[in-house]
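These features come from TrEMBL:
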type     : residues                               : note
DOMAIN   : B:294-468                              : domain 'DNA primase large subunit C-terminal'
BINDING  : B:Cys302, B:Cys380, B:Cys393, B:Cys437 : [4Fe-4S] cluster binding site
REGION   : B:459-486                              : region 'Disordered'
COMPBIAS : B:474-486                              : compositional bias 'Basic and acidic residues'
Amino acid sequence: MDIEADYDHSLPEVMLTYYRRLYPFRPIFTWLNHDHTPTRLFTHREWAFTLAGDVYLRYNSFATAEDLKKQVCDLNPTRFEIGPVYSARPRDRKTVRPSAFQPVQRELVFDLDMTDYDPIRTCCSDADICKRCWAFITAAVRVLDPAIRDQFGYEHLLWVYSGRRGIHLWISDKEALDLTDQERKAIVGWMTVVNSGKDSNKRLSVRTSSKSLPAPLQNVLENLKHTFTTLILRDQDLFASNEAAAALLEHIPDQEIVEKVKTNWINSACSTSEAKWVELLKTVRSSKSSDILQAAMEDIILYYTYPRLDAEVSKHRNHLLKAPFCVHPKTGRVCVPVDPEKVEEFDPEAVPTVAQLLRELDSITPATNSEESGNEHHHSDWEKTSLKPYVDLLNRHASSLMEKTRLEKRTQGSMAW
Amino acid sequence: MYRSGERQVAHETRETNALVENNGLLRYANALNFYDHPPLFDVTVDEFETTAIDRLRVLAEIESSLARNRTWEELKAITYAQYMKYVPLHTSTFTDAVEERRKDHLGHYVLRLAFCRSEDLRRRFVKAESVLFRVRFEQTEIELRKEFLNSRNFNWIAVTQEEKAQYHQELYSMYQSPKQENRADAFKKEKFSKVRWTRVPDLVEARRVFLKSGWAYVPGREQSSIIFQEFEVQLEKALEATSRLIPRLDEDSRLIPVLDNLSQGFVAGIASEWMNAAGSSSSSDIRAEMVDGLAKKHFPMCMRGMHENLRRDHHLKHFGRLQYGLFLKVLGLSIEEAVAFWRKSFDRMTDDKFSKEYKYNIRHSYGLEGKRANYPAKNCLQILTSSPSDVGCPYRTFSPENLQTALLSMYSQEGLKSSDLPEIMSTVKAGHYHVACTRVFEITHASCGVAKGEGIGGGESVTHPNQYAARSMELGKSKKEDDAME
Ligand SMILES: [Zn+2]
């Protein structure tokens, strides 16, 4: 703690050094812009800055990545957010007619937050997160990433750790950028199985009149059964507590069965989640009205393991979302991209903090030098730190977007010919 | 004149040549019309206007049905009756079919011109027109529907038998048939088509289609969803395009006032003036959408003020609602119309909130809830002595400057001049508020032959806002009859 005190991320000069020397402005630019030279995707894009003392500056826009960097270094915000592409430059907002200033494009974004999982996790609560509850996020990514690719055909998905207790998904496919609010609402409706938030009830409204699960959910159910066993029953041991066990039984629509299960739990002295679950399964299988109960058992698996989305974030084009590589003001951790292929290996507690990164810089450049060369470009300083693999990930992602743009230009060119 | 406007629209869509010459059934092969092409024939300004007003009645009725939260079946029945009355459109081919379809086509396009000019009007027009289209579509026989669908490219791709077999499990798991027991058979016969999922967001949101790589597999039964969505999207685009062309139409000074009046008529839920001007509606029942027009012409200042506050704030506080609501009841608004009027007026409120918090009170004031008393409307004495100033008598509660401004803004159209103000203000100053109100009545009804001192009849002065309004409406009606005699 003593060594880190020098680089407390709440100190303005620490953040300023991070922005000057480490923040990957150029990769962020290419990711948003899909091209080397600035397009409307960048120049008409809203940026919002949060300054110390909760000052919030909206409707900033920039011509180039360098402009953005200059402004960030001048304002030295605690964090900043990325908004939609408007029909005019956001900074010119006051000089155009209101009807000429409308959000027109925006990455499709999703937000998963551990607080929505509070009723079903035992290791932490509220803002805390550990390697164990990251397993819920892992399970969510494992469901959403392939589903979005397969069902909607989107290819350019960027997962970003939110710096504390959640994960964001940014989808940059052309069609996704163009989605209207109504279409965003539709995709959220399609993706939502468990209603989170204060109105959450345990009924899942996913069954069609045929009473069977729709195909996409049938397919994920098999994987989620595994998650249910390893995560809910074993690791979290959720139903060990009497409240959680009682909550589990609320999903069973047959009061007779519920009473039987309760008795069996006492008689067989079931204390662990796994023992309780096995007993429940046995009782259900021995009963007659199996169709309804079978459905209820499937719904239980979905309820405890299916991704819980914060729907409001996704529904509106003009929602602002924290930019990747910002520093979380509470934890000091950088909001780094996450490789969905290796999401199991990701450890939120191992994500670099600003303090750690600045110390790494010190070990390669003497601190005295960095003071004097404050205004020089440090394009690749991040390469010398543990930020590198994360910036590389963003760069690879941005390259695939630029490649797509290049191919589109070529197709258009040949058609004009 | 209109023709020149049309040409510009047509030019914009680059389809002029194909359309100029065509007539008759070749042109209007089907009663259903997506209105892809503008009408290109000569019309008189008269026909331009009457065709549009007839269609406007139907659209206004659709809007008010939506505001009343009618079920789809009710809405369909009412809309059908309305359009068969004003813009009849039979699905079968008979001798007058071309004329009907031509009128339908023209009316739609005239209203496009009138309603393209603000976002709010565009939104409401699209909503009402798409309901009208949907009702007509559902009224059309299956064979004619198919014919119509084949006549236009909706950009859907038929799903082949092989593909259907490939995704059998997925398609079947999401397939809903009207009858559960026939599901397997129905599925076998079902023809699926593919569209980008963004064309059927409602079906996606409800998980009623299978999705693969961004393509939604839509069963034949749900194809109408694609059509209705397409209708709305196309119309929205067309209206935006038209709004950019509108300035060129300004050259024709005869059309602009017509268009202005049409769009204002829609805003007021087709005001009573329009109904009367166009002739037929002479029912003594007062309907929700007539209140705007009546307030301007016939209400005393206290009620006129309530009405304007309601329009400005989209809300009215408790005592205001009670007082104004009872006034409207006595004026002749039935309970159904009252509910519709308040529902429409509180347009920033959810249906749920309205039903829970307001509907009961409205019914209560009609004696349909609670102790079922038949509450009378307040008279001038009660209003003069009531405590919250926002529901009191304006002649008493307003400051002199505010009162003069309000009088001029409310009544100058009815003949009140600033030279009349000193006399009114001196009676107010003396505390004779009802005398001031009566004098305003006389001045604003001078054109109906009311002389100074006659009051609301036989020298009587105003003692009740309903008495004021009733007399005013009576005078308005006999004046219209006199005018017609001359
Ligand atoms: Zn934890």
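Cβ atoms are placed via backbone N, Cα and C, with glycine included.
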Could you give the residue numbers and ranges of same-chain residues that sit at least 6 residues beyond the region 'Disordered' (B:459-486) on either side and whose C-beta is under 8 angstroms from one of its C-beta atoms?
276, 294, 297-300, 302-303, 327, 330-331, 377-381, 383, 434-435, 437-438, 441, 445, 447-450, 453
Apart from B:Cys302, B:Cys380, B:Cys393, B:Cys437, which residues in this chain have a Cβ no more than 8 Å from the mean position of the Cβ atoms of those residues at the [4Fe-4S] cluster site?
B:Pro300, B:Met301, B:Ile383, B:Leu384, B:Pro394, B:Tyr395, B:Arg396, B:Tyr433, B:His434, B:Val462, B:Pro465
Within 10 Å of the Cβ of B:Cys393 ([4Fe-4S] cluster binding site), how many other Cβ atoms are there?
24
DSSP on the region 'Disordered' (B:459-486): how many residues come out helix, how many strand, how many coil?
21 helix, 1 strand, 6 coil
Protein Cβ atoms within 10 Å of B:Cys437 ([4Fe-4S] cluster binding site), excluding its own:
25
Restricting to the domain 'DNA primase large subunit C-terminal' (B:294-468), what is the model's mean pLDDT?
85
